[in-house]
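Have a look at the structure below before the remarks.
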Amino acid sequence: MKIKNEFFFFIKNEFSFSKTKLIYALKITIAASIGGAIAFYLSYYKQIGLGWWIGSSIFAIPSITLAASLKKGIQRVNATFLGCFVGFILSLIIEKNNFLFILFTLITTSIWCTLSFGSKKFSYQYFLSGILSLMIMAALFENESPLYLAIARIIDTIIGVIITLVIFYCLWPKRQKIIWQVFEHEKIIVQKLSLIYEHKSNSILHEKELNSMLNRRMEIQIIDELSLLKQFQDDIKLEFFEKDKKIKLINETFSYYEELFILIKSLPKFSITEGKSIAHLSQIKPILEQIFSKISQSIKENKLNSEIELLFHELKEKLEISAAQKEFLNYSIISNLKFYSFIDSSEKIINKIHFHMKSNQNEIRISGFK
């Protein structure tokens with residue numbers, strides 16, 4: 001029965017469809033069809049470029065929102081220019097010398113891999129640049145002009161990026177509606193956070209068996225919603241240029257959801273520390289309930305005000321745990337933040353966490369996230 005439930009859970013999460021996802025798939029299909037037609041015309045009738053590279057760009061850069069697609073498109077164009085430039089320069093040095101080709105292939109591959117694995121922000125760009133530079137160098141032994149291949153790659157990439165962005169901008173644009181979509185997703189996040197908090201806290205307080213599969217399902221849903229909300233934030237910045245006051249408020253509350261999620265995830269772990277988890281949970285439960293209530297009410301009224309920030313900081317100041325739990329909690333929070341690396345601002349949040357030791361008591365206070 002357990003295996004059966006896990007199987008249906010997997011199918012539901014892997015093949016769940018929504019209107020947003022279907023529109024997203026339709027946009028990619030239309031863009032790919034247009035790109036394929038242009039690629040066929042250029043390759044067959046004009047003998048310009050290699051059309052399949054246009055298609056690869058179209059499939060590589062789309063994201064749920066326009067802003068995310070634009071960001072990936074710029075990254076792909078930059079990577080193409082860099083990779084083609086490096087590959088062309090090295091091809092001039094190699095000049096069909098097998099030894100130099102092998103030597104530079106090993107060196108450039110090592111460098112690109114090091115840059116790609118070592119960079120969090122530009123990993124994709126370095127990876128693509130590495131592939132392109134090797135392709136340009138290999139053209140020397142395929143009786144192709146490295147210069148022609150480099151130019152063709154750049155042209156194909158730019159065409160693919162333009163087609164994708166035009167389709168994503170013109171078909172089913174969000175624009176002003178996106179503000180209210182953000183509110184809808186925030187409602188979902190608050191509901192899921194409340195559910196997972198209640199489930200975990202009740203399991204600990206009443207010593208009930210913790211249903212890990214249920215918790216994992218809710219955690220996955222929250223991760224998806226946070227990720228989608230982050231993309232909506234990017235779209236808001238792109239379309240409103242941060243002139244709307246709501247943008248600042250949305251950005252402020254987004255970090256609160258992340259912090260609450262991390263705090264809730266750490267709840268079961270208190271059960272293995274000193275036997276004081278129940279006492280601590282008794283303190284934390286009403287505080288979190290106040291936060292949930294305030295945020296939920298604010299979202300229902302379609303407004304996010306500064307009172308949330310004030311309340312959040314005041315309530316967090318009231319949370320006190322023993323000094324013996326300090327090291328464990330610190331490790332737990334940092335580990336969770338690093339684990340959910342899909343959050344672009346995870347490092348910033350880590351830097352915002354401050355632990356202030358009381359000089360005359362063996363307690364630690366979790367301060368506001370200033």
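Glycine residues also receive a Cβ, built from the backbone N, Cα and C atoms like all the rest.
Keep in mind that TrEMBL annotations are predicted by a computer and have not been checked by a curator.
The model shown is predicted, which means the values in this text are computed figures rather than measured ones.
Quick look at what TrEMBL annotates:
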TRANSMEM  21-44  transmembrane segment
DOMAIN    38-167  domain 'Integral membrane bound transporter'
TRANSMEM  50-70  transmembrane segment
TRANSMEM  77-94  transmembrane segment
TRANSMEM  100-117  transmembrane segment
TRANSMEM  124-141  transmembrane segment
TRANSMEM  147-172  transmembrane segment
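Of the Cβ pairs linking the transmembrane segment (21-44) with the transmembrane segment (124-141) and spaced 6 or more residues apart, fewer than 3 are under 8 Å, so the two regions do not touch.
When each of 77-94, 100-117, 124-141 is checked for Cβ pairs under 8 Å to the transmembrane segment (147-172), 77-94 comes out on top.
For the transmembrane segment (77-94), the list of distant contacts is 100-101, 104, 108, 124-137, 139-140, 146-147, 150-151, 153-154, 157-158, 161: same-chain residues at least six beyond its ends, Cβ to Cβ under 8 Å.
Across the domain 'Integral membrane bound transporter' (38-167), DSSP helix (H, G, I), strand (E, B) and coil residues number 109 helix, 0 strand, 21 coil.
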